[in-house]
Amino acid sequence: MDLELDEYYNKTLATENNTAATRNSDFPVWDDYKSSVDDLQYFLIGLYTFVSLLGFMGNLLILMALMKKRNQKTTVNFLIGNLAFSDILVVLFCSPFTLTSVLLDQWMFGKVMCHIMPFLQCVSVLVSTLILISIAIVRYHMIKHPISNNLTANHGYFLIATVWTLGFAICSPLPVFHSLVELQETFGSALLSSRYLCVESWPSDSYRIAFTISLLLVQYILPLVCLTVSHTSVCRSISCGLSNKENRLEENEMINLTLHPSKKSGPQVKLSGSHKWSYSFIKKHRRRYSKKTACVLPAPERPSQENHSRILPENFGSVRSQLSSSSKFIPGVPTCFEIKPEENSDVHELRVKRSVTRIKKRSRSVFYRLTILILVFAVSWMPLHLFHVVTDFNDNLISNRHFKLVYCICHLLGMMSCCLNPILYGFLNNGIKADLVSLIHCLHM
């Protein structure tokens, strides 16, 4: 993660031929720049402290809950644990160092930390984002291949190793292209003596812009696409499963109403061999017929071998009219007219409706939770990436007076994702929620 002054000084460092003019003209701008957040520094300190503590404690609880159930390892829980660990690193590396640089207007941690800390900040944020992609891919695989789901702990280890390798590889240019700059040499003022700033020093602007665009693609656009595709697939599968469940319950209701008429309607009909054959036929082919507007009529007796040849095609009409005039409802060939449930089927129908309502409520809950996951990621990280892109292409669009304030707002929104990830991936996860509740009770006692 870049420091807030990088874009401002990259242009100054690239114009070394005009150093004298820069010293005379930029010093008043530095004073104006320095006073941009002085009125809000206590508010920023309190806000950063609150966000950091909330993110640290929430992710620490997730780690403790997952460590408690180590005997029930799953790939998703393993990834959620690594997500909590990477979010803790984001809180530890990004919040204190960034806030200190913003409020004190200098880098106080030495030359070595100037090369290491931006690299660690970038790696922690990138790893957290790549783990979100991994969780989305695993969920997509579990939905598309529920029966052949053979993801083991080794697959989780492989995913985590790949994620950390990609994080180190993508962020590897940052230690090379960061340098410590003395402000007295840059601005030519004795008031800025012994003050240093850690800034990016790319060979040219094109390198810096290329790196910013790469981070935008890997840290924002790619995760957003993966989360959207995966969670859309999950919601669609749940919706299809709900539809199949509802259809199956309605079909069972139709057959139960047909096979078990009300006791008030008369004596039970004893099924003959042909009726049993017709019942097995409707069970086998019940999905071909309409669920709510289908009933069954009595099946004709199967003709014997002796009079089979006597049944001529012209007699089919009379047989059909004879069947349609019957008033008994026993298993047979379905026809399309509305069936009215008997009184003794009210309890069964009520159970069916309650089951379908419960499944619909659960599916809506999953849909809302997955939608919130996508929105939280999109809203929290979009301002910071837009800020870096805008300042890299044209740093004059944001005035020096409001530069640090805008950066702090964007940076705090990004940090909020570290506070919300434990809630979205941990506290709303039914498998982890019970362990979290028991853990909180133990800590409270």
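Glycine residues also receive a Cβ, built from the backbone N, Cα and C atoms like all the rest.
Database features, via Swiss-Prot:
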- 1-42: topological domain 'Extracellular' (TOPO_DOM)
- N10: N-linked glycosylation site (CARBOHYD)
- N17: N-linked glycosylation site (CARBOHYD)
- 43-63: transmembrane segment (TRANSMEM)
- 64-77: topological domain 'Cytoplasmic' (TOPO_DOM)
- 78-98: transmembrane segment (TRANSMEM)
- 99-117: topological domain 'Extracellular' (TOPO_DOM)
- 118-138: transmembrane segment (TRANSMEM)
- 139-156: topological domain 'Cytoplasmic' (TOPO_DOM)
- 157-177: transmembrane segment (TRANSMEM)
- 178-208: topological domain 'Extracellular' (TOPO_DOM)
- 209-229: transmembrane segment (TRANSMEM)
- 230-369: topological domain 'Cytoplasmic' (TOPO_DOM)
- 370-390: transmembrane segment (TRANSMEM)
- 391-407: topological domain 'Extracellular' (TOPO_DOM)
- 408-428: transmembrane segment (TRANSMEM)
- 429-445: topological domain 'Cytoplasmic' (TOPO_DOM)
- C442: S-palmitoyl cysteine (LIPID)
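The list of residues near the transmembrane segment (43-63) in space but at least 6 beyond its ends in sequence, with Cβ under 8 angstroms from a Cβ of it, reads 37, 80-81, 84-85, 87-88, 90-92, 95-96, 99, 102-103, 408, 412, 415-416, 418-419, 421-423, 425-426, 432, 436, 439-440. Beyond its flanks by at least six residues, the transmembrane segment (370-390) meets 2, 7, 129, 132, 212-213, 215-216, 219-220, 223-224, 227-228, 231, 234-235, 397-398, 406-407, 409-411, 413-414, 416-417, 420, 424-425 of its own chain at Cβ-Cβ distances under 8 Å. By the Cβ criterion (distance under 8 Å, sequence gap of 6 or more), the transmembrane segment (157-177) is not counted as touching the transmembrane segment (408-428), fewer than 3 such pairs being found.
The DSSP breakdown of the topological domain 'Extracellular' (99-117), given as helix, strand and coil counts, is 14 helix, 0 strand, 5 coil.
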